[in-house]
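Each remark here refers to the structure printed beneath this line.
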């Protein structure tokens, strides 16, 4: 309300005190302004023509030279044979002749081949691909482009043989570009050529009126005709209107007397700052905030407060958008999680109900049980991925670096995976390394194996026919080991490449829905690779397959290679009343142990907690082997083992656990357990462990 009352008063003061001077000014100005404008306009037109001609002269040597170079049979041959020596001798040494800062060569497919830069330009491949398409039609062209080093003038030409001087008979063999940075040297040379001052305009490209100088604006446009900057040429205006100037001096002196009274103390110190405050409050105008900060006194402080408030508002909006996106992705992930868990659970519950409540023959019963087993394994796999991803997010995963025989590790993985996918109609190959490791290496072999297994399993999932290959190479120069997993499957659309390693984003397709899963395997693999100090990336095209590359640091252990011995399968034989203690608090799990071993000649004892397991081992020396659950009431498996070991140091104690991560396995081994088996139990693995350690126990006793 105060502003509305103050402004008319200020305006009336200005008008009343200045009306005499304004009438006098316009009476004299009217008769001279037309002539002055005409002379000025003619001078500007003449200056524009001069500037354009000068720029044409400045660019002509480059156009002539580049036209000669690109109509050269030897240059065409270079595109095919990539003879770097010829290029350096014949083209690269012409950088000074062109007086350029960069020269670059591309092939007919717009792929970068080679460049010759000066220290001014560090960028490598920055020429727009659409410009090369244009050169196929016009042969030669000049445009401007923004690069990290600034605005650059680019002259490009299509490369043709010498019998095609007009570049219209044959297809272009490649493209050659000469680049000059629009820097101080460039502007200084133009200033000498045009006898004028030159200013490079980037953000605001426009002409402003100035009666003392004539100006010409040369537009700097990119290959699409978009304005990216301008060169403002300025020259002193040599024509003066003496009478007009003298009259203006008289009027300006009188006018400033009036302005000193009315404007200096009101507009600058009161009205203008208040108007800026009004604009900020009404529209949040950032320009008004900057102007308000430049004022003096309290208004400058208010401007700082407005800017701080504006920045906080922007940050809040960004945080809100990010939070909403995160919530959306998590909701989608949880919905997918619900579906993936319910799918195997539905199969387990459904087929179990069929077996219990319907009359099925043995063939159908076996088929239903196979479905239940497969669904159970799928459910365990989903839960394992969730647990592992949770540990990665909470930084509970740490690498356990050990000495690893890389060749044996890779060969062992190949044999293991080959057996598991033998029913799939694909060609699975291990590519021998051209540069195998000279010594054992130091890395976390468990995580390395898991990464390779995840990538190979993923490749097998999405490859119905064709081949899946993997292998590695040693790069001594870069000090890294480069791994590759390649398939000829469906491939991944380029738009999904950025999401492929994101734990909350899943690449949706008919096949991905069919194979199921949460899609966490690649996210876990990426986390493991980064944990080992490496990087992972992808190359893929739809219909052509995918190739995953990852590298880890190369660190030799400087020891002899470890020979990996093949593990022979053992048959479990019936024991002569050997005693096995099963420490298991869950009745269903204990029942499962009993049913698995009911055909073996074992005496089974049970402990329902850790303390009971300790008592049985101490009081029953005939106990030959212990299957110890890790998580039990009263005393857990780790605490029970601490009390058993001093009394029965040679007694085999096998940990049975639902924890399946590599860190849990390491913890079990460090605690002193003889071995471990994970839940859900694998019957063959259980018999293998029991047979192995009971046989070893008999040998020790003998």
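Backbone N, Cα and C atoms are what each Cβ position is placed from, and that goes for glycine too.
Not measured: the values here are computed from a predicted model.
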Stated TrEMBL location of transmembrane segment, expressed as one of 207-226, 227-246, 247-266: 247-266
Residue 629 (4-aspartylphosphate): tally of other CB atoms within 10 A of its CB: 25
Predicted model, mean pLDDT over the domain 'Histidine kinase' (336-556): 79
